[in-house]
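S.K.: Below you'll find the structure I mean.
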Amino acid sequence: MGLKHLIEKLEPHFTHGGKLEKYYPLYEAAATIFYTPGQVTRGAAHVRDAIDLKRMMILVWFAVFPAMFWGMYNVGLQTIPALHKLYGAEQLQQAIANNWHYSVAQWLGVSFSADAGWLSMMTLGAVFFLPIYITVFIVGGFWEVLFAIVRKHEINEGFFVTSILFALIVPPTLPLWQAALGISFGVVIAKEIFGGTGRNFLNPALAGRAFLFFAYPAQISGDLVWTAADGFSGATPLSQWASGGGEALVNVATGVPVSWMDAFLGNIPGSIGEVSTLMIFIGGAIILFGRVASWRIVAGVMIGMIATATLFNVIGSDTNPMFAMPWYWHLVLGGFAFGMMFMATDPVSASFTDKGKWSYGVLIGVMCVLIRVVNPAYPEGMMLAILFANLFAPLFDYLVVQANIKRRKSRG
């Protein structure tokens with residue numbers, strides 16, 4: 001019996017009148033993973049295309065894999081030197097025994113020696129990342145299924161993307177219960193309350209992170225959360241620049257200065273998926289060439305960031321080192337690159353019109369640099385910049401449409 005035949009045989013049990021009718025969203029979600037939906041458009045007008053919502057979301061899901069795998073490797077790369085800086089040999093073994101992440105990693109064969117190989121670093125990073133991702137996926141999926149069953153509609157595949165994006169923009173040390181709480185806020189409050197996928201005006205992953213930032217700032221920001229070594233305090237390069245300028249950039253664990261290439265490749269502490277600009281650009285190219293993301297938004301964000309950073313460079317300041325940060329450093333530090341490629345380009349919460357996309361992107365770039373430079377308490381500005389632009393996206397589209405209407409009336 002083939003898989004397709006099995007799926008077709010089970011379908012009557014889940015359709016109207018079947019014993020499992022109320023669970024049809026679960027059946028439909030599983031069936032359309034393997035095969036395209038059987039329904040076709042019968043009336044005019046419609047578009048024939050090789051991609052549907054599920055496959056579009058899966059493309060984005062795969063596109064973040066380069067940043068995800070590098071992020072896991074980087075967690076180990078930052079953690080092992082930090083552990084050796086904190087502990088001697090005997091103390092390190094005690095620390096491993098007292099931390100379940102380290103214990104699981106050691107059981108999996110991870111070497112905690114100073115010369116540990118890339119596989120040990122990757123495995124250690126996976127031990128921190130995968131529990132966060134699995135927690136977020138299960139909790140987010142639960143809410144998606146619950147709302148689909150109650151509303152009697154198909155399960156929206158957006159949670160595939162929302163879950164992995166959320167897991168990649170948080171620190172590796174985030175408690176699992178906070179990960180569950182954050183994704184619950186993002187899915188329920190920022191998306192499902194407004195009608196689900198396609199109707200939300202805020203990016204759910206960013207909304208969930210913003211909730212954690214304001215509700216539990218100690219676990220989502222500061223100097224203690226970016227390196228997964230118990231008791232280790234190390235600021236991100238963005239925070240270091242904010243306090244001491246470019247000369248202050250140094251890897252706290254190794255004592256080695258941080259170069260621009262280190263930041264571009266991702267050899268710095270930070271949120272799991274935001275550290276490597278190179279890997280983010282590789283994934284971003286996939287969704288840009290796949291036409292899932294809009295190049296106009298990406299270009300607008302870059303233009304807004306470069307113009308605003310250059311303006312602050314020209315103005316200068318004797319008391320605020322952030323005024324002197326060049327645009328190419330803004331690009332590789334913090335969550336700018338990840339936000340530009342995967343958050344700002346969210347087709348639901350971004351502007352729809354071409355001109356609106358330019359305005360939307362420029363606003364994000366301007367606001368990100370403005371928050372980073374002018375706000376001394378919050379050196380990272382990409383999250384708030386995108387959420388702020390989400391609120392203005394409908395206005396940009398409205399103004400573009402009204403301008404088109406006026407132009408057509410003037411012709412006639």
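Placed from the backbone N, Cα and C atoms, the Cβ positions cover glycine too.
Positions annotated as FMN phosphoryl threonine by Swiss-Prot, on the basis of sequence analysis: Thr236. According to Swiss-Prot, the transmembrane segment annotation covers 57-77, 127-147, 163-183, 270-290, 297-317, 322-342, 358-378, 381-401.
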S.K.: Give residue numbers and ranges for long-range contacts of the transmembrane segment (381-401): same chain, 6 or more residues beyond its ends, CB-CB under 8 A.
M.R.: 169, 201-203, 206-207, 209-210, 213, 334-336, 338-340, 343-344, 349-353, 355-356, 359-360, 363-372, 375
S.K.: Can you tell me which of 163-183, 270-290, 358-378 gets the most C-beta pairs within less than 8 Å of the transmembrane segment (297-317)?
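M.R.: By the under-8 Å Cβ criterion, the transmembrane segment (297-317) pairs most with 358-378.
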S.K.: Please figure out which one of 163-183, 322-342, 358-378 racks up the most CB pairs under 8 Å against the transmembrane segment (270-290).
M.R.: 322-342
S.K.: For Thr236 (FMN phosphoryl threonine), what is the tally of other C-beta atoms lying within 10 angstroms of its C-beta?
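M.R.: Its Cβ has 27 other Cβ atoms within 10 Å.
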S.K.: Would you kindly list the residues that approach the transmembrane segment (358-378) from elsewhere in its chain, counting only those six or more residues past its ends and only Cβ-Cβ distances under 8 Å?
M.R.: 238, 242, 296-309, 312, 320, 322-323, 325, 330, 334, 336, 339-340, 344, 350-351, 384-386, 388-389, 392-393, 396
S.K.: Which residues of the same chain, at least 6 past either end of the transmembrane segment (322-342), have a Cβ under 8 Å from a Cβ in it?
M.R.: 60, 63-64, 67, 165, 168-169, 206, 236-238, 241-242, 245-246, 260, 263-264, 268, 270-271, 273-274, 277, 280-281, 283-284, 287, 293, 298, 301-302, 305-306, 309-310, 312-313, 315-316, 364, 368-369, 372-373, 379-383, 385-386
S.K.: Using DSSP and collapsing to three states, where does the residue listed as 'FMN phosphoryl threonine' fall: helix, strand or coil?
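M.R.: The residue in question, the residue listed as 'FMN phosphoryl threonine', is coil (DSSP, three-state).
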